[in-house]
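These come from TrEMBL:
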- A:12-34: transmembrane segment (TRANSMEM)
- A:72-263: domain 'ABC transmembrane type-1' (DOMAIN)
- A:76-98: transmembrane segment (TRANSMEM)
- A:110-131: transmembrane segment (TRANSMEM)
- A:143-163: transmembrane segment (TRANSMEM)
- A:184-209: transmembrane segment (TRANSMEM)
- A:242-263: transmembrane segment (TRANSMEM)
């Protein structure tokens, strides 16, 4: 970039606009951060003021009340488990939908489209019956399987959207070279599809990380709770200790944010398939 | 023959390993999310462990609203916990209708356990002559006021509804909000409707519908009660945007002196703990309504929570032991002390444990009330509650006419 | 000719066989954990069931009730409004922001990206609680800000008025989910070769033209995927509505999921809840189908 473009009017204008916008997006979290240093009494009296005498008591209480470390670990297990499962399954499925074209595929496509739109609440009761029969209630696998299953249709359509852009000549050429269909998928399609798979994985991870309903209903043991369910325990029916609740949220958010800071380069690189330039 | 015996033995041991073992119980409760609840259940379970080391509890806790989702799903999927927390009235009624609840009649008849409860409380967990859960605590709704603010401004607690309206004008003129109300979750405004209906027509209206009385009706008083609420709202006696504020946000207005009064449950005592040091909580009963046909001393109060046993439970003996322990006078007095909430066990709401405010309500208001009328929204079948809630929100914001709201509610109450 | 037909039919057989093989894991998972429970539940839509007692067969009563249920149709219309607003306020805005971050802002774009992602990682229940304080009519920041700039006449109880509650919720949604699309678009925009922009710059194209006539066509696959994500997300949206307004006042901000939840889990009408879910499922699927067809670019067509 040459000098006059570094401080061009456009750039300053855009920076100003984005700064204001991001401030609005981020302000609640700044407020959350400094509110954790107050007592509940102080918070109740003036919600927005800075803490008069900052104290870490809320963090201590948050840490002692909920097993936040355990919850985070559980969330991580469920998140990775269902993300990997959903992405692997959906990559194969998306490939089939994009590359092959028997007539019955249209039926599957419609079926998956309906499946994509199913509200989880409708399936809740039969899922509990099923998971109990499979002895999977109150296990992480019992959360992973239905979560992945519910995310597969959308993930699959993301993957299909990628695979339809795959030039068919490549596939035909490989077939003529005598490659098996699996080899074409595994050696040609999957390596090219890595950025799309990574995109699908990011989307899945974010969904699962915030998912509340399935872990709430399928998990009973306190030691197996995931983070969103554990955090819900900080909100009382009539009385909430706000600084403690906010401290718990804050602690819960630190790990993923730090990870993102460290791996931002790798994440965006993976999303673009390594073609980063600036 | 011998082979068959072995097979039976294996089958028996297999089925044993699947159902709860003797001496083991699953126990679900909603004492979570706020410190006083957690303190109580920790105390109770620890003491239970000491008293009954042979009974192993698998405890599952969730906060009230999450808890309901969890319990309803467990019930609907035919997998209820052995012992669990439930709401009285229509909520419990749905489980009873599905034959999911174990009748506690025999257990209550033994050793005077049944007699240890207030009969008005037991009535709220009794259906068709059978008691299906033991009531734990009683919430009552009264007017709360900011004593210091009232003293500064020279206001006095009103005794009649007209005095209340006069006071509101004064408070409004001073630039304050007369009543704190955060009605996002719809139940806070129900106290207004119910008290007005109780004062105008009398207690036991919704209970009459639930019991299937042919002559049960809200009467023209239903419309009148909704009309008065619409009127209070139109005059600006409630905070701006109250239908979108939570109960806790409204409470902040009250504790910070921006609102002068609040019609709310006895949990207000606990919710006032974090007010500034010079805040002093006062209370007065809902004022009398001059032309009202109800007994003007009646109090809105009912069972907040109860514990029941699932019919499917194999280990009913230990389940009863757990309930008897939880409702023993010592544990219940501790409940009052930790939660500042009245309990259903006679004599357990002691002055020492309750503190002056709660004891005042329990002794002066409830002790002298001609009737206690349980909360409409929990007493009525769950199907009607949503109609009740949304009609009331609509009346308050002017989008539903009082007469229509009364008609809708009456229909919902009559529907089986 | 005959051998050509034989080759074609063997290709068809090959396609059928491999398509099935590659789809097998998907089918196992989706049929087992989505389709089966939903079919099981949809049977309930012909019954009246309180969740515990024996279900009572009521034929098409639930569907007739649904047809005349104004609350449901209004909720569904709100879901569509959420989707429409999300396409503009989340996907399109995210694309513009991503373009700015990559092409104009430069290095500190990474900081912005991080900040936009914060709300995505914090759970929605918490975000709802934070925003409740911003909207609070008495000590909320929004009204205070309006007052500070002399617009106090606009100050109101945002979440409590029927007229503003829904818009207030939609605004929170647009701030909350934006970051995910910014992240996905940043990756896509970075992937556009510099030479394209250089050519555009030589032509004297400004950023505006460069964005709309160069970048968007280049990242069209991302646009399509993100639009789909955002539509599906919008039609299923639940948590923020639940925490911010609980669908009130008097159903003024109700969406289908919150309505379904109230009917099924508060009112214990599991049969009717299943009917609502059934209807939502089909209507969403039809909507998604139409949008997909519309967004299918010529490049992405099946080419046959």
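A Cβ is built for glycine as well, from the same backbone N, Cα and C atoms used for every other residue.
Taking Cβ pairs closer than 8 Å, the transmembrane segment (A:184-209) reaches residues 75, 78-80, 82-84, 86-87, 90-92, 95, 99, 147, 151, 154-155, 158-159, 161-163, 166, 170-171, 174-175, 227, 256, 267, 270-273 in its own chain, all 6 or more past its ends.
Two recorded stretches are said to be in contact when at least 3 C-beta pairs lie under 8 angstroms, sequence spacing 6 or more; the transmembrane segment (A:143-163) and the transmembrane segment (A:12-34) fall short of this definition. Long-range neighbours of the transmembrane segment (A:76-98) within the same chain, counting only residues 6 or more positions beyond its ends whose Cβ lies under 8 Å from a Cβ of the stretch, are 105, 108-109, 112, 140-141, 143-145, 147-149, 151-153, 155-164, 166, 185, 189-190, 193, 197, 200-201, 204-205, 208-209, 215, 226. Within the chain, the transmembrane segment (A:12-34) has long-range Cβ neighbours (under 8 A, six or more residues past its boundaries) at 48, 50-51, 246, 249-250.
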